[in-house]
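Working notes for the structure below.
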Amino acid sequence: MSRAPRTARAELPKGAQARHVPVLLAEVLAALSLDRPGLAVDGTFGAGGYTRALLEAGPEVRVIAIDRDPTAIRGGADLVTASGGRLRLVQGRFGDLDTLIADQDEPQADWVVLDIGVSSMQIDEAQRGFSFRQDGPLDMRMGGEGPSAADLVNGEEETTLADILYHFGEERRSRAVARAIVEARRRAPIETTAQLADLVAGVVRPEPGSPIHPATRSFQGLRIAVNDELGELVRGLHAAERVLKPGGRLAVVTFHSLEDRIVKQFFSARSGRAAQASRHVPGVERPAPKSFKLVTKGPVLPSEAETDVNPRSRSAKLRAGERTDAPAPPPLSAIETLASLPAPQGRGPRR
């Protein structure tokens, strides 16, 4: 994908927010094409990297930034002050972004950006319980509400744990890990990230020469389940579709194959490349109005230079689309299915 020229930048004081350079930033800005006054919605504020770039793209770009994490909202206070009234921070889930911006008297938006998954800020804070590289409480909740990872690990049935690890974490040894978890918790509750990481490492052997920690996939699966991340992504795509004006653009950055599959199927169906099935008429595929046209013809990947500087970007993919004037069709049942645990179907190829 060719990179669009940068628009005039409205510089913000460097002290307004700790600098955080998000993944594929130049490519996201090019895909959005912020070439006019309007409202941008950053559905995943985090450390504020995309929001800062949106504000700097032009002096007449206004931003509503959303995050379910109250810590992120508090951390953005200086950036709000520096924005001169152009930034509003809203605590909530991006799956409700249409309702959240309507509550701000903004029924429509010109641009929406979603950066899916856990933020670097959350990973780096041991007390949040996301990282297997730092010991902390086994939490993983982005917003602090609902059951924690410790609740799942110590309370779910073995078969459910195995399904979570396999389908959300893509862990091939999911049954063995789930069995080890159940055996360990009979002796004592599993309460810290180090306990769980060590337990998984005793079951999943690292591949020779691989930099991937043996607990990576298990932690991913639990985190996705705790935060309903795939369900939130599905709701966010449909919410963005409802709020975008004709000509408005949606850019989505994903970090693993499950997320990317959902985004790919959404844009494929909504652009007319695939038939659409609705939950309201299950099993029936039919032509539907094309609510998006593709901006990116395939996934945009980070450059080698970016992955050298930021190894966490290596799995990132960007997809983007431009809203047409067609009304938003009913939600897609196909991507709703991808976001859920499938019904049990025998033992399959996992161990």
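Just so it is clear, glycine is given a Cβ too, placed from its N, Cα and C backbone atoms.
These features come from Swiss-Prot:
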type	residues	note
BINDING	GLY48, GLY49, TYR50, ASP67, PHE94, ASP115, GLN122	S-adenosyl-L-methionine binding site
REGION	274-351	region 'Disordered'
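The structure, with features from Swiss-Prot marked on it.
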residue: TYR50; record: S-adenosyl-L-methionine binding site; Cβ contacts under 8 Å, 6 or more apart: PRO22, LEU25, VAL28, ASP42, THR44, VAL113, ASP115
residue: ASP67; record: S-adenosyl-L-methionine binding site; Cβ contacts under 8 Å, 6 or more apart: THR44, PHE45, GLY46, ILE73, LEU89, GLN91, GLY92
residue: PHE94; record: S-adenosyl-L-methionine binding site; Cβ contacts under 8 Å, 6 or more apart: GLY43, THR44, ILE66, ARG68, LEU114, GLU232, GLY236, ALA239
When the binding-site residues GLY48, GLY49 are compared by other Cβ atoms within 10 Å, fewest goes to GLY49
Quick one: give me the count of other CB atoms within 10 A of the CB of ASP115 (S-adenosyl-L-methionine binding site).
-> 24
In DSSP terms, helix, strand or coil for GLY48 (S-adenosyl-L-methionine binding site)?
-> coil
